[in-house]
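Features of the protein shown, as given by Swiss-Prot:
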- 4-120: domain 'VOC' (DOMAIN)
- H7, H66, E116: Mg(2+) binding site (BINDING)
- E116: active site, proton donor/acceptor (ACT_SITE)
Amino acid sequence: MVNGINHMTFSVSNMDKAVSFYKHVFMEAPLVLGEKTAYFTIGGTWLALNLQPDIDRKEIRQSYTHIAFSIEESQLDAFYTRLLEAGADILPGRKRQVETEGKSIYFRDPDGHLLEVHTGTLAERLAHYEKTAPDMLVNIDEQNKK
């Protein structure tokens, strides 16, 4: 049985630049720092950076595939400021259907990986669908609503 996400790994073109970015934006120091790898914990999740300087990174910028980190709404402005200071590519927000979806900031790291900080929760999203589109809820039990 799968117990959760073990870790995420991103290939990076410049280790020093990537480490500086993640350290500044997420206010976390690396746990492991080598010439070709770095490990962080962000919100309790293990993030690994591996040096791969020769990968074509053009296509990565065309996908909505991303990782979203939870953040308190009261912390959004400070986080946005850190993104600006780090020189992040901050993207326009995705249009939300309703306020209950939470607020987000989408941004790219120096290698083009799409990241998001998001204030909403799965429980809030499920409650929204339960009220507005109950036919969309399939295989939902009380455990999933927590």
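Going from the start of the chain as shown, residues are counted 1 onward.
Here the Cβ of each residue, glycine as well, is placed from N, Cα and C on the backbone.
Swiss-Prot feature annotations superimposed on the structure.
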residue: H7; record: Mg(2+) binding site; CB count, 10 Å: 10
residue: H66; record: Mg(2+) binding site; CB count, 10 Å: 12
residue: E116; record: Mg(2+) binding site; CB count, 10 Å: 16
State the three-class DSSP label for H66 (Mg(2+) binding site), counting H, G and I as helix, E and B as strand, and everything else as coil.
coil
Helix, strand or coil by DSSP: which one applies to H7 (Mg(2+) binding site)?
strand
Report the mean pLDDT of the predicted model across the domain 'VOC' (4-120), rounded to a whole number.
88
